[in-house]
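Here is what TrEMBL says about this protein:
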- 37-502: domain 'Major facilitator superfamily (MFS) profile' (DOMAIN)
- 33-55: transmembrane segment (TRANSMEM)
- 75-95: transmembrane segment (TRANSMEM)
- 102-120: transmembrane segment (TRANSMEM)
- 126-148: transmembrane segment (TRANSMEM)
- 160-180: transmembrane segment (TRANSMEM)
- 192-210: transmembrane segment (TRANSMEM)
- 321-341: transmembrane segment (TRANSMEM)
- 361-379: transmembrane segment (TRANSMEM)
- 386-405: transmembrane segment (TRANSMEM)
- 411-434: transmembrane segment (TRANSMEM)
- 446-466: transmembrane segment (TRANSMEM)
- 478-496: transmembrane segment (TRANSMEM)
């Protein structure tokens, strides 16, 4: 029923056989500073994703302050959440040029600026620009590097590391809800946003902790992965098409370009050494020219990598399983967000507000979500377990819960379904792992940027679509049924593509045998 590791061309991780020449492991891979990266990513999830889960507190304040419709006011929160994810592909360009650390620090400043400027909002449209766009872009510039760096620092325990770091979303939902509620009560919502902006400056500290691996360390890590990927590719087919579909991208043109760039910089250095006898002014000009040349080389190299990943001959979109993964992401995230938005109204309709006030259903989802991420991460790292199968099982459980939820009309029944939703949605911690297995560490930033962009589109339009269905039918039942069916379509794409990819090498080898 499920695809095996060989079916989809993944490297799920037997690193015991690297090759004939042993490679000395870096102590910071799967240990050492890698755990500081996990801590940094954990704090990023608290400050960004946790804050976005708590925006319901501010949404109530904005409704009272500006007296606008609920639909218009809700777009402030939707823009912030959606843009955080939608800008992913463009943040991949920044990472290619500047690296994860610089991108995250700039994003932390931009996010804090968005919060602080929002404290002076005179209308909802002002919040669209300051909070929705400015803070949203800043959040995206920190969130993507936080995920990418964990993938770079971990090889054997990637799923566990991603699971631990992303539990910050659940913790943040509790901490930020309590904090914003207290600040709004004591100081008012404007001062609360100003204080939250100051707190968000800690994102710059999280970015500073993202110490990049040296090129040598990255080569060693890639050598471990590429060796097993080569064996899989040979077993399947020797054709170029198969290699591309497994995410192995050519690097020969890039090496030639690097050699040309080094030659240019070398000539500049030679001129600088030869001109030491000249005036200080000419030396300053040479140093300035050298700096500009280095910056130009970095920008060109980063843009070339980013462009080739999306539009080049070895584009990420030539990977059919990755394209199916994108289609799945377009439908998946809204199924997780819709319950957070509409459960309070469902509770009121079923007259179970009293029980919900004691222990809110959304809190049940958030608490169990934390354990789901960690437990699914631990299970996926077991040598006998396929991460792909765990990922699919969690998706099937979640879509079943979404379709079942409208049938539950008691608090106990809804609580059980919400607990299952929280646990099964823990597969979010496996998404970076699955993405890296598809495209490799080198292209993880661009590839995961596309995936979270698709999630952002889903988060942006999913809840309003569910509200629109309610306006037509006066029931939330059809909102969950339609969301569940669309989610199932995405899962079907994930199941079909590995089967097609498995058949193609066999069909080709049969044709070669006949010739």
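Cβ from N, Cα, C; glycine included.
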**Request:** Could you pull the average pLDDT for the domain 'Major facilitator superfamily (MFS) profile' (37-502)?
**Result:** 77
**Request:** Would you mind listing the long-range same-chain contacts of the transmembrane segment (102-120), meaning Cβ under 8 Å and 6+ residues beyond its ends?
**Result:** 44, 48, 91, 94-95, 126-127, 130-131, 133-146, 190-191, 193-194, 196-198, 200-208, 210
**Prompt:** Do the transmembrane segment (321-341) and the transmembrane segment (361-379) come together with 3 or more C-beta pairs under 8 Å, pairs six or more apart in sequence?
**Reply:** yes
**Request:** For the transmembrane segment (75-95), find every same-chain residue at least 6 residues outside the stretch whose CB is under 8 Å from a CB in it, and list them.
**Result:** 48, 52, 55-56, 58-59, 62, 103, 106-107, 124, 127-128, 131-133, 135-137, 139-141, 143-145, 148, 302-303, 306, 309-310, 333, 337, 445-446, 448-453, 455-457, 459-460, 463-464
**Selected stretch (most C-beta pairs under 8 A with the transmembrane segment (478-496)) from 192-210, 361-379, 386-405, 446-466** = 386-405
